[in-house]
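Asks: Sharing the feature lines straight out of Swiss-Prot:
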DISULFID  3-20  disulfide bond
DISULFID  14-41  disulfide bond
DISULFID  26-30  disulfide bond
DISULFID  45-56  disulfide bond
DISULFID  57-62  disulfide bond
């Protein structure tokens, strides 16, 4: 499987059986810059914590950098 990986946001090969993930959360600059984003691959979908959104998928390049709606 190929997943986008941060910080470069490039598509890279991940080991067999892994899933791609997109993790987003707010930090102190969330209101002006939007949510922080972490893209990668893992053996299993990371555990969700309070205030953190995680989406996992299992097809090539299924975790693109999320777009932010402009006002």
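Backbone N, Cα and C define each Cβ position, glycine as well.
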Asks: Looking at the disulfide-bonded residues 3, 57, which one has the fewest other Cβ atoms within 10 Å of its own Cβ?
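Replies: Minimum Cβ neighbour count within 10 Å, taken over the disulfide-bonded residues 3, 57, occurs at 57.
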Asks: Let me check the 10 A CB neighbour count of residue 14 (disulfide bond). How many other CB atoms are there?
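Replies: So the number of other Cβ atoms within 10 Å of residue 14 (disulfide bond) is 18.
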Asks: Within 10 Å of residue 14 (disulfide bond) (Cα-Cα), which of the disulfide-bonded residues 20, 45, 57, 62?
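Replies: Cα filter at 10 Å returns 20.
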Asks: Spatially, and counting Cα to Cα, which of the disulfide-bonded residues is closest to residue 41 (disulfide bond)? Options: 20, 56, 57.
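Replies: Sorting the disulfide-bonded residues by distance from residue 41 (disulfide bond), the top entry is 20.
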Asks: Of 26, 30, 45, which disulfide-bonded residues are close to residue 62 (disulfide bond), meaning a Cα within 10 Å of its Cα?
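Replies: Close disulfide-bonded residues: none.
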